[in-house]
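Annotated features in Swiss-Prot:
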- 1-29: signal peptide (SIGNAL)
- Asp169, Asp208, Asp212: Ca(2+) binding site (BINDING)
- 190-209: region 'Disordered' (REGION)
- Arg264: active site (ACT_SITE)
Amino acid sequence: MLKPHGLTPLALTGGILVSLLSVSLSAHAEIATDVATTGWATQNGGTKGGSRAAANNIYTVKNAAELKAALAASGGSNGRIIKERGVIDVSDGKPYTKTSDMKQRARLDIPGKTTIVGTSSSAEIREGFFYAKENDVIIRNLTIENPWDPEPVWDPEDGSAGNWNSEYDGLTVEGASNVWIDHVTFTDGRRTDDQNGTANGRPKQHHDGALDVKNGANYVTISYSVFRNHEKNNLIGSSDSKTPDDGKLKVTNHNSLFENISSRGPRVRVGQVHLYNNHHIGSTTHKVYPCVYAQGVGKGSKIFSERNVLDISGISGCSKVAADYGGSVYRDSGSLVNGSVISCSWSTSIGWTPPYSYTPLAADKVAADVKAKAGAGKI
């Protein structure tokens with residue numbers, strides 16, 4: 001049964017145990033009530049999620065039924081906090097047989113004014129995918145195993161040889177404003193792409209994206225997060241012809257790890273996107289997730305890349321650092337590629353300046369900082 005802010009009574013003996021419990025609960029409370037302090041999510045009135053939720057709108061969940069009930073419950077004027085414990089299998093152990101079945105059972109819609117926070121390093125969502133389509137959402141300290149579509153579709157027009165494509169991303173931010181994604185780990189997890197076999201002469205791809213921001217989404221910060229073992233990672237802007245995106249898709253990603261990511265780290269259309277102090281690790285010859293490119297510069301994008309570090313074997317120039325997908329505005333400052341300073345700027349001016357305060361680390365400090373602090377369980 002779902003219980004708002006319910007804690008199981010414990011028979012405590014000894015002042016030390018009581019003290020430790022008090023400290024733990026205090027730290028946990030601070031995590032759940034934090035608001036965004038960096039990047040684009042601080043603008044437009046800020047991102048508060050459910051930080052001011054009333055006690056009866058704070059839920060602790062440990063299975064799919066409780067999670068879905070907490071998301072569906074009335075949040076009140078100050079929203080809700082959902083504290084996620086352990087591994088939640090959204091399928092309840094019943095494998096999805098069709099894409100339509102997955103759409104019905106795996107989708108997790110996040111209401112506005114919601115904070116979702118993992119209570120420990122073991123907090124993880126499997127066999128499900130989040131949709132944030134309402135404003136003011138915070139997700140922190142959580143691992144999301146990227147969803148596995150049981151029915152990939154063959155598209156003979158995708159690329160020179162055709163490709164298999166699938167539905168559903170680990171998290172989709174669609175049309176929502178003010179979203180903060182912090183210390184979240186996205187990974188293919190138990191189902192890496194080398195397990196899928198081939199058909200029509202091409203790898204059969206059961207994954208789509210890890211994190212997509214699209215359809216007029218705005219004021220989004222991704223901080224100290226991890227993207228690991230995935231092909232098409234982070235899309236910002238889903239179409240060259242989406243006019244609702246004009247003037248929107250303002251996104252910051254900082255101090256995050258991209259490890260064995262083939263592409264889209266991120267791939268941007270239209271948006272004013274600030275990428276700083278991120279660490280990319282990989283290889284162009286990786287057997288499962290070879291690096292094709294790091295950042296994709298798409299139509300109308302205005303990317304400011306700053307003091308990022310790319311340790312990707314096989315990269316020697318800018319074509320795989322900032323790949324041309326129809327864009328023309330790209331500025332880089334102080335980034336390192338395999339230990340060397342490299343200037344990959346296409347433009348001296350990008351037409352905008354970050355309106356928020358921030359202090360980027362020197363590039364030679366980035367790898368250690370990201371290793372120590374990024375991802376679920378390091379908050």
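From the backbone N, Cα and C atoms, a Cβ is placed for every residue, glycine too.
Everything Swiss-Prot records as a feature, shown here on the structure.
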residue: Asp169; record: Ca(2+) binding site; DSSP (3 states): coil
residue: Asp208; record: Ca(2+) binding site; DSSP (3 states): coil
residue: Arg264; record: active site; DSSP (3 states): coil
Within 8 Å of the centroid of the Cβ atoms of Asp169, Asp208, Asp212, which other residues of that chain place their own Cβ, given that this set defines the recorded Ca(2+) site? Phe129, Tyr168, Gly170, Leu171, Thr172, Gly209, Ala210, Leu211, Lys232, Leu235
Rounded Cα distance, in Å, between Asp208 (Ca(2+) binding site) and the residue listed as 'active site' is 11
In angstrom units, rounded to an integer, how far apart are the Cα atoms of Asp169 (Ca(2+) binding site) and the residue listed as 'active site'? 13
Pairwise CA distance, the residue listed as 'active site' versus Asp212 (Ca(2+) binding site), rounded so that it is a whole Å: 10
Residues that sit under 8 angstroms from Asp212 (Ca(2+) binding site) by C-beta distance, when 6+ apart in the chain: Asp169, Leu171, Thr172, Val173, Glu174, Asn234, Leu235, Ile236, Ser238
